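*Asks:* From TrEMBL, here are the annotated features:
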- 29-56, Lys435, Lys437, Ser520, Arg547: substrate binding site (BINDING)
- 137-172: domain 'EF-hand' (DOMAIN)
- Ser188: O-linked glycosylation site (CARBOHYD)
- Asn308, Glu337, Asp339, Glu386: Ca(2+) 3 binding site (BINDING)
- 452-474: compositional bias 'Acidic residues' (COMPBIAS)
- 491-607: domain 'PI-PLC Y-box' (DOMAIN)
- 610-735: domain 'C2' (DOMAIN)
- Ile649, Asp651, Asn675: Ca(2+) 4 binding site (BINDING)
- Asp704, Asp706: Ca(2+) 5 binding site (BINDING)
Amino acid sequence: METNGIEKTDGMEGDMDLQFLLQGGDLLKVRSSSWKKTRYFRLQEDCKTMWHESKKLFKSNPTFSLDDISAVRLGRQSEGLRKSTEEQVEGRCFSIMFKGRRKNLDLIASSEEEARQWVKSLEKMMYNRNNLSLQQKTEHWIYTCLNKADKNKDDKMSQSEVKNFLRLINIEVDDVYTEMLFAKCDTSKSGYLSGAEIEHFYDLLTHREEIDVIYGEYAKTTGFMSPENLVDFLMKEQREKATLVDAHKIIEKYELDENAKGKKLLSKDGFLMYLHTPEALVYNSDHREVYQDMSHPLSHYFISSSHNTYLMEDQLKGPSSTEAYVRALLKGCRCVELDCWDGSDDEPVIYHGYTLTSKILFKDAIQAIKDHAFKTSDYPVILSLENHCSVEQQEVMARHMSSILGSALVTSPLCDGMPTNFPSPEELRGKFLIKGKRLNKLEATYVPEAAVADETDVSEEEESNDEDEDEQNVEEERKKKKKKLKLAKELSNMVIYCKSVHFNGFEDARQNLSFYEMSSFKEGKAMKLAEESANAYVRHNVEKLSRIYPAGSRTDSSNYNPVPLWNAGCQIVALNFQTACQDMDLNQGRFLVNGKSGYILKPAFMREEGAEFDPITLTRGDWLKHKTLHVMVISAQQLPKVNKKKSSIVDPLVKVQVFGVPADVAEKETPAVENNGFNPTWNENLQFDVYVPELALVRFAVEDHDSTSDNEFVGQYTLPFNSLKMGYRHVPLLNKNGDILPSARLFVHVMVLDAE
């Protein structure tokens with residue numbers, strides 16, 4: 001469909017890589033060593049949808065959006081390609097990795113050059129789409145919907161096609177409104193819209209009255225904003241320290257009208273463009289980089305952590321995959337779990353013991369971890385070993401970790417002599433730490449007579465300390481083995497800063513455990529300690545690490561609320577990364593900041609020896625900083641459909657939730673707006689009391705209201721309270737998997753005041 005000013009090719013007309021994808025070609029699709037079939041792939045004319053043929057009867061040819069791709073990898077980098085192809089086709093292979101749980105697409109090109117061309121072209125298109133402005137993304141989305149609505153492909157829009165288009169963009173309107181809108185745009189009186197009339201239709205649709213009001217308040221220079229007007233807006237409304245130099249930079253960068261730019265003025269379009277930029281969003285853009293002090297001991301940080309990292313789905317019969325490690329690490333996870341068992345051919349395997357989950361080789365998991373550990377963050381990765389292997393295969397594990405991880409593996413203290421505290425994340429950059437059992441105290445390394453034999457018995461009490469001891473199948477198997485279990489010296493010696501020990505109470509830990517000796521707690525026990533002995537838990541976690549893991553009854557890989565455990569200072573609160581849910585939203589929000597490093601410095605009142613902080617009683621102290629959060633939920637733009645049926649329109653409402661210490665937990669919501677997911681308006685004021693802002697998270701959630709059943713999730717965004725920016729702000733929205741919804745936004749006004 002021709003839409004004049006509405007652009008679909010991102011300024012890439014004539015680009016060779018774009019033309020290559022539009023032309024497409026045959027690729028060998030690989031599912032297994034016995035299933036390899038040629039399929040034709042090409043990019044559709046909307047420049048965002050990949051199409052490929054299907055040979056199945058009665059099935060339409062499948063498509064996927066470039067926005068659904070997380071990465072394109074050249075070579076046999078996927079688990080499927082390594083298992084199903086020979087080394088000699090390495091250069092012809094490539095994989096398309098998708099966001100969420102969707103399986104990889106493994107492909108083989110006819111030549112190495114062609115494989116490189118596919119990867120280069122796809123990566124260029126993905127980069128280009130990821131760097132579009134919000135206005136360009138909106139135009140793309142509207143263009144796609146216009147194209148779908150133009151049933152007869154005549155580049156014109158009849159009145160019935162206009163109504164169909166409105167449904168596609170998530171608006172249900174009556175016939176009278178459609179007729180009025182159509183008549184306003186049909187200046188040629190031809191009975192259809194084309195060319196400039198469609199552009200006018202687009203302008204009417206995307207017009208935002210709330211922006212008119214805000215802009216009108218400050219545009220005091222012949223209907224435009226002068227640099228002085230802009231400084232006034234930034235200081236009064238946005239509570240930012242702004243100078244005329246800042247204002248000139250904004251006008252130079254975001255003003256689209258060259259005439260206005262030449263006069264150093266900001267038009268309404270330029271103003272809206274600025275409000276959509278990362279620096280003007282609700283999230284403080286300064287926190288996108290590492291801004292916290294990374295020189296504190298490891299125990300002073302919350303650490304992004306995964307449970308049963310190898311699983312893609314549930315814990316009874318779901319697949320295990322090295323790809324699960326890749327996905328967790330690329331999300332910034334810094335502590336991954338390896339559930340190790342004896343395998344055939346003397347090769348240890350990873351899977352969920354005594355279940356039907358599939359198995360992967362231990363060495364393949366270590367290689368995948370090494371290859372992707374430091375792509376999102378270069379701060380240390382902890383390998384949490386749940387070890388069920390024989391001594392012989394433990395020795396194999398040690399050899400694999402030593403040979404694959406090399407000098408990046410910490411096998412001795414960083415300092416000379418016996419350490420008295422943890423090193424910092426900064427000192428451990430690019431390093432791997434092993435968490436597991438150890439035959440003796442680390443101190444014994446410095447006392448020759450305390451040396452041990454090559455393999456030594458580990459008491460049953462020690463053995464049970466770290467594994468998920470509430471899982472009945474493992475427990476039953478353990479009961480069968482009345483004998484003591486053995487640990488290989490080679491593996492034991494790799495455990496330096498994270499020795500797993502049984503927890504016998506806070507007083508015992510204080511008197512008898514060294515700083516590097518840590519315990520794992522199942523969620524139920526940890527929650528009870530966090531409620532009944534909160535201050536003791538906080539003090540324990542000042543100098544020692546605690547790992548929390550989900551209950552064994554969560555066979556569906558569901559999660560628990562991590563916030564109460566963070567409130568108690570627990571560092572390694574392990575969640576099932578493979579399961580999209582509110583609990584994972586909170587985890588993503590907690591670790592959104594500090595450069596997505598996977599390490600968040602705990603507040604000062606949770607790091608000092610003898611800490612008095614108690615999240616339950618909230619006795620007075622430095623942590624009590626009573627604030628009032630005011631949020632006006634103004635509007636939303638381009639919310640996605642929840643139900644893909646053409647007639648299904650969203651009835652959106654917005655929930656604003658605060659998570660933190662019990663006194664801060666709250667939730668308030670707007671009324672629902674009927675039949676409008678495109679540009680609903682609320683102008684609803686919500687107010688919250690926040691007593692411990694340093695531990696609080698704020699979640700904006702959009703739901704599709706349903707009066708007869710539970711509301712359906714539309715999108716959400718979670719961030720730390722102290723990363724909120726004040727003033728008029730757009731809020732990006734993420735889907736269930738935590739990926740950005742390209743055009744969807746909330747528009748809010750935020751104010752944080754000291755409570756009287």
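One-based numbering along the chain as shown.
Just so it is clear, glycine is given a Cβ too, placed from its N, Cα and C backbone atoms.
Quick caveat, the model's predicted, so the values are computed rather than measured.
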*Asks:* Over the domain 'PI-PLC Y-box' (491-607), what is the model's average pLDDT?
*Replies:* 96
*Asks:* Could you state the CA-to-CA distance between Glu53 (substrate binding site) and Asp704 (Ca(2+) 5 binding site) to the nearest Å?
*Replies:* 34
*Asks:* At the level of the C-alpha atoms, what whole-angstrom distance separates Lys37 (substrate binding site) and Asp704 (Ca(2+) 5 binding site)?
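*Replies:* Just about 41 Å between their Cα atoms.
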*Asks:* Note the Cβ centroid of Ile649, Asp651, Asn675, the recorded Ca(2+) 4 site, then list each other residue of that chain whose Cβ lies within 8 Å of it, in sequence.
*Replies:* Asn170, Ile171, Glu172, Val650, Pro652, Val673, Glu674, Asn676, Gly677
*Asks:* Among the recorded positions Ser188, Asn675, which residue has the largest number of other Cβ atoms within 10 Å of its own Cβ?
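*Replies:* In terms of Cβ crowding, the pick is Asn675.
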*Asks:* Nearest to Asp651 (Ca(2+) 4 binding site) by Cα, among Ser33, Phe41, Lys435, Asp706 (binding-site residues)?
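*Replies:* Considering only the listed binding-site residues, the nearest one is Asp706.
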*Asks:* Drop a 10 Å sphere on every Cβ of the binding-site residues Lys29, Lys37, Lys435 and tell me which sphere holds the fewest other Cβ atoms.
*Replies:* Lys37
*Asks:* Per DSSP, what is the residue count of the domain 'C2' (610-735) in each of helix, strand and coil?
*Replies:* 9 helix, 60 strand, 57 coil
*Asks:* Fill in the CA-CA distance, Ser188 (O-linked glycosylation site) to Asn675 (Ca(2+) 4 binding site), as an integer in Å.
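*Replies:* Cα to Cα, Ser188 (O-linked glycosylation site) and Asn675 (Ca(2+) 4 binding site) are separated by 30 Å.
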*Asks:* Taking the Cα atoms as reference points, how far is Glu386 (Ca(2+) 3 binding site) from Ile649 (Ca(2+) 4 binding site) in Å?
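*Replies:* Cα to Cα, Glu386 (Ca(2+) 3 binding site) and Ile649 (Ca(2+) 4 binding site) are separated by 48 Å.
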*Asks:* Pop the Cα-Cα gap between Glu337 (Ca(2+) 3 binding site) and Lys435 (substrate binding site) into the table, whole Å please.
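*Replies:* Per the Cα atoms, Lys435 (substrate binding site) and Glu337 (Ca(2+) 3 binding site) stand 9 Å apart.
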*Asks:* Look at each of the binding-site residues, Phe41, Asp339, Glu386, Asp651, and point out the one with the fewest other Cβ atoms around it within 10 Å.
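*Replies:* Least crowded of the binding-site residues Phe41, Asp339, Glu386, Asp651, by Cβ count within 10 Å, is Phe41.
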*Asks:* DSSP helix, strand and coil counts for the domain 'EF-hand' (137-172)?
*Replies:* 23 helix, 2 strand, 11 coil
*Asks:* How many Å separate the Cα atoms of Glu337 (Ca(2+) 3 binding site) and Glu45 (substrate binding site)?
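*Replies:* Given the Cα positions, Glu337 (Ca(2+) 3 binding site) is 44 Å from Glu45 (substrate binding site).
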